[in-house]
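S.K.: One structure, as structure tokens, below. Some questions next.
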Amino acid sequence: MDRIASEFNPKITQVLQECGQQIELLSESFEVDQKGPGDYVTNVDRYLDRKLSQVFGGMFPQDGIITEENEASRRLFHQGYEQLWCIDPLDGTEGLVNGRQDYAVMVGLLRDYQPIAGWIYAPARARLYYGGQDWGLFEIRSQELPKAIIPQMPSCPSASFCPVQIGFQDRKRYGQALTQFVPHIQFYSLGSFGLKVLEVIFGRVGLYFYFNRRVKLWDTVGPIALAQRAGLICCDLEGQPLEFSPNAIHPDTLAHEQMIVIGWPEYVEALLPGLQKAVYSVQGAISTS
């Protein structure tokens, strides 16, 4: 078993649960700034960012620690660390700002540019999901002992059943084309990237796609580590594996250059051709307008 699982996981799960409790306390009177269209940051994000940076830096002084709200930490991605911790102190900030419950605290571990472990804590659910390549998937409900997660594939897609997760911006841009090329598609949405991926792992939807290329490493590493351990396909729109090496990541923002598709094999095989046609039709219309 990896030392992360055997030695450090209890401390990691504890600190994430503590952060969740602090979100609930601090959100009673938080301050909101807007970094860009639909991209919010609060004093809660900043406080947790500093806290998690300090805790993980203390536990793993030999590793790189990259966090969403510390722009200077992004340069560590290019400095040759064997291990990089990618931390999103509050994934789905817009949900918190608007009084929804679809937000999470997330941590992911890259080793040699491969996602190998992830932690997602959903404070509103009081549930922590975590796991890694060599040690399985687990869930902690409130203060209960960890229980193994058994991934559940939904029924195969059919003319009457085809549930997928899609972000608000992607649905706005591609929704009409998707219903044209995948007529049986059924859309569902949550705020947090990590919680969307969990919807696929638990079989509430068969696939999640993210096309706008704004998602960053701290959004993806943890959830995709869990998705891969669950047996999901994690690929781009062409069906190529998702990459986390510098040649596939924007050098400054650390955003993924690839479009992202995460799903059960049967769903990826059935839906990918229609997704491709929908995206290409929209992009072609934009380029000729």
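Every residue, even glycine, has its Cβ placed from backbone N, Cα and C.
Curation does not apply to TrEMBL; its annotations are automatic.
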S.K.: Same Mg(2+) 1 site as Glu68, Asp88, Asp91 according to TrEMBL: which of Asp219, Asp236, Asp252?
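M.R.: Among Asp219, Asp236, Asp252, only Asp219 appears alongside Glu68, Asp88, Asp91 as Mg(2+) 1-binding in TrEMBL.
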S.K.: Rounded to a whole number, how many Å is the Cα of Asp219 (Mg(2+) 1 binding site) away from the Cα of Leu90 (Mg(2+) 2 binding site)?
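M.R.: So the alpha carbons of Asp219 (Mg(2+) 1 binding site) and Leu90 (Mg(2+) 2 binding site) sit roughly 10 Å from each other.
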S.K.: Based on DSSP, name the secondary structure state of Asp88 (Mg(2+) 1 binding site): helix, strand or coil.
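M.R.: In the DSSP reduction, Asp88 (Mg(2+) 1 binding site) maps to strand.
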S.K.: Write out, in the order they occur in the sequence, the residues of the chain not among Glu68, Asp88, Asp91, Asp219 that have a C-beta within 8 Å of the mean position of the C-beta atoms of the recorded Mg(2+) 1 site.
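M.R.: Residues close to the Mg(2+) 1 site, other than Glu68, Asp88, Asp91, Asp219: Ile87, Pro89, Leu90, Met106, Phe193, Gly194, Lys216, Trp218.
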S.K.: According to DSSP, collapsed to three classes, what secondary structure does Glu68 (Mg(2+) 1 binding site) have?
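M.R.: Where Glu68 (Mg(2+) 1 binding site) sits, the three-state DSSP reduction gives coil.
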